[in-house]
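Here TrEMBL flags GLY10, ALA11, GLY12, LYS13, GLY14, THR15, ARG127, VAL137, PHE138, GLY200 as ATP binding site. The feature region 'NMP' is assigned by TrEMBL to 30-59. Marked as AMP binding site by TrEMBL: THR31, ARG36, ASN57, LEU58, VAL59, GLY85, PHE86, PRO87, ARG88, GLN92, ARG161, ARG172. Annotation comment: TrEMBL describes 127-163 as domain 'Adenylate kinase active site lid'.
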Amino acid sequence: MRIVLVGPPGAGKGTQAAYLAKNLAIPHISTGDLFRANISQGTELGLRAKAFMDAGNLVPDEITIGMAQDRMNQPDAERGFLLDGFPRNVSQAEALDEALKRDGVRLDAVLDLEVPEDEVVKRIAGRRICRKDSSHVFHVTYSPPKQEGVCDVCGGDLYQREDDSEDTVRKRLEVYHSQTEPIIDYYKAQELVVTISALGKVDEVTERAMAALQGDD
Ligand code: AP5
Ligand code: ZN
């Protein structure tokens, strides 16, 4: 399956993507995680992306699209993928459509996670990420690690993302409404969008998402 996950910052895209990708046996491709890995490895691409991310802006398309496509061209993504955080504007969606067309394949669904803004702010404020692997995500109240500040999965240090400060979150939400939300209409025109509520426990949301993707919601 080829799936795009959309939703505001803090909706739980990364959290859900980890479970959905496992259930569907497809790789989870997060452009945010790819940028953070590049930043922690000190690559040229990471250096270029960092200032945009810290300010809550989108990283320019000429950096993002190539990076996402390189990842989608890896052998493990040949039979499908779950995209998290890409595409994030209409021109990225158009570039993705062109690439898929070249490969003679198409998207199966665009899963839209709906969460009220006050909940998103609470989720982001309490989020803690593992320094060794940014796909290991915790929340100080909703999913606390067994030992404070330590990752349950790999023992790495937990930290708060630099772009999770209140001001930057406000900016990221503004960017989401102005630049990312329009892709929902873009994909509605292709009849690909399934919208679910992302409120409730993590496993309840996963169940809802699986039912929606299997068309029996
Ligand atoms: P990115 O990393 O994609 O960030 P985002 O879209 O803002 O989303 P988040 O990672 O903040 O949230 P999430 O929805 O994954 O929530 P999570 O599962 O962690 O992008 C960061 C930056 O990179 C962008 O601002 C941009 O600069 C750049 N970038 C990335 N892609 C780009 C692109 N395509 N083009 C240009 N620039 C790009 O959950 C949040 C918290 O809530 C966690 O603590 C979690 O434990 C908790 N939680 C999750 N689910 C639940 C639940 N059901 N109940 C209670 N708590 C929950
Ligand atoms: Zn970890």
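For all residues, glycine too, the Cβ spot is worked out from N, Cα and C.
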Compute the C-alpha separation of PHE86 (AMP binding site) from PHE138 (ATP binding site), stating it in Å without decimals.
-> 22
Top of the binding-site residues GLY10, GLY14 by count of other CB atoms within 10 A is GLY10
Taking only the CA atoms, the spacing between ARG127 (ATP binding site) and ARG161 (AMP binding site), expressed in whole angstrom, is 8
To what whole number does the mean pLDDT across the domain 'Adenylate kinase active site lid' (127-163) round?
-> 93
One of the binding-site residues THR31, ASN57, ARG88, ARG161 has its Cα closest to the Cα of GLY10 (ATP binding site), namely ARG161
Nearest to GLY14 (ATP binding site) by Cα distance: which of the binding-site residues THR31, ASN57, VAL59, ARG88, ARG161 is it?
-> THR31
Neighbour-count leader, CB within 10 A, binding-site residues: PHE86, PHE138 = PHE86
Have a look at the binding-site residues THR31, ASN57, VAL59 and say which one has the shortest Cα distance to GLY12 (ATP binding site).
-> THR31
Cα separation, PHE138 (ATP binding site) to ARG88 (AMP binding site) (Å, whole number) = 24
What kind of secondary structure is GLY12 (ATP binding site) part of, going by DSSP in three states?
-> coil
